[in-house]
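Note sheet for the following structure.
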């Protein structure tokens, strides 16, 4: 039991170290197998990132009576904490899908670390939409907005990592090479549980609607990735996380506004 608990803690630290800028203990170490086992905890990283964003929002809202400024501070905190890890994937995918005519062209463009017009526009639009959704929710109920931050970060990561259960990897290089390994059903079940729990704070009906929307988007994006690339890449997972996060915020805003 204690050995299993220690291994779970180590896996959680590995997930935190991979997806955030938080320093991890040197004793944790790193291995591909360890990162694969850590996949179940990726949504818990979303809990951490969302909580950091909620805390930044709360602190900012105590200093200035402007929800828009507090939301911007919240978003800045999450970007700093993650190093814009998923936004980078969104930008790479936008450049690749927007500028490539074949799967090889798209993958080549996505490997280029430089950002192009499609990538810049995609990231700007995603950040603007996220800011607007959160600001609209915060203007109605600040507590709901903070809860939505945690729910959106957790659920989006839980749904994005599920591609490792069902889709093949299109290339064997890039940031996500270590994590883009087949995911076991047990790990997927844990990831789904960790990703879905925060949604229940908005009620069972709202959570069910959010999950249904995410599943539909997951199916559509999965087909698109397969048709355009022949599989998924780490950048695709970043794009998916960003899309899923926006969809969760959209559903939660619609629910709390009705």
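Think of each number as a place in line: the chain as shown, counted from 1.
Yeah, the Cβs are placed from backbone N, Cα and C, and that goes for glycine too.
The transmembrane segment annotation in Swiss-Prot covers 41-61 (among others).
Summarising the annotation, Swiss-Prot assigns transmembrane segment to 65-85 (among others).
The annotation transmembrane segment is assigned in Swiss-Prot to 115-135 (among others).
As annotated by Swiss-Prot, transmembrane segment applies to 136-156 (among others).
Note on the transmembrane segment (197-217): residues 47, 50, 144, 147-148, 150-151, 154-156, 159, 243-244, 247-248, 251-252, 255-256 of its chain, located 6 or more positions outside it, place their CB under 8 angstroms from a CB of the stretch. Annotation comment: Swiss-Prot describes 197-217 (among others) as transmembrane segment.
The transmembrane segment annotation in Swiss-Prot covers 236-256 (among others).
Using a Cβ-Cβ cut-off under 8 Å and counting only residues 6 or more beyond its ends in the same chain, the transmembrane segment (41-61) has close neighbours at 8, 11-12, 15-16, 19-20, 67, 69-71, 73-78, 81-82, 138, 142, 145-147, 149-158, 160-161, 190-191, 194-195, 198. Taking Cβ pairs closer than 8 Å, the transmembrane segment (115-135) reaches residues 67-68, 71-72, 74-75, 87, 90-95, 97-99, 109, 145, 148-149, 242, 245-246, 249-250, 253 in its own chain, all 6 or more past its ends.
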